[in-house]
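Structure first, then comments.
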Amino acid sequence: MVMAVFLLPVLVKVELEELDPVIQIDLYRSFEVKLATSIAIGTGYCQTAIVFMPSLAVVALSLTTSLASLMVIPLVLALGVSAPIIGRLLDKFGTKIVMLFGIFILAVGLLCLSLSATSFYLFIVSGVVVGLGLGAVLGSPLRYIMLGESPPDKRAAGQAIINFNASAGQLVGGALIGAVIGSQGGKLTGYQSAYILIAFIAIVMMLLTLGLKNRAEQLETMKTIQTKSST
């Protein structure tokens, strides 16, 4: 990880010199893109909450491994139900409001999951809340931003950047959360600390979201880029 940080300037230099770069560095000139890609890392990090939920259920509720894996179902159902609704809300209210609301719900759900994991019913309710929050930040909102900030010929590359950053967040998040849990011997306190940490990341994401453009500004940017592309 340390080596990756030190080699990042080299990657940027190489990509800037390429005629057909893998990563479109010039997209990062937009402050909106910088915010969106930073939030994408956070969303990937928060997704690790799903991975450790069955293990948390085993420790907190004394369930068998097979039953504990079923505790993720309410979260997944909430995520699936909220996704199409979020798409419609994006067109009406814009990314900023939708993501602020979604990240707030996500943070609340993560904190509830940390503090009330020993209650079977509160565990399920917390999972549903987390699923609703994730539905508001995964996929559509960030892709919506990249579509609005990218010229037509670079929109696919913009989507790839979101995927890349989210994957990076998942990789780092999985390692870090696993380390936090392992540092406390895999006990309940370790899982509680880990989920509080994920909730803190969600709060940081919320602060970043405050810097995003509102609906009117997004539409104006899309109009400007479309005009430049057609001339």
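Cβ coordinates are placed from backbone N, Cα and C, and glycine is handled just like the others.
Feature annotation from TrEMBL assigns domain 'Major facilitator superfamily (MFS) profile' to 1-231. The transmembrane segment annotation in TrEMBL covers 40-61, 68-87, 93-113, 120-140, 160-182, 194-212.
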Open item on the list: For the domain 'Major facilitator superfamily (MFS) profile' (1-231), what's the mean pLDDT in this predicted model?
Closed with: 86
TODO: Find the member of 40-61, 68-87, 93-113, 120-140, 194-212 that has more C-beta pairs under 8 Å to the transmembrane segment (160-182) than any other listed stretch.
DONE: 40-61
Open item on the list: Can you tell me which parts of the same chain pack against the transmembrane segment (40-61), counting only residues 6+ beyond its ends and a CB-CB cutoff under 8 A?
Closed with: 67-69, 71-72, 75, 106, 110, 113, 117-118, 120, 123, 127, 130, 134, 137-138, 142, 161-162, 165-174, 177-178, 181, 186-188, 191, 194-195, 198, 201-202, 204-205, 208
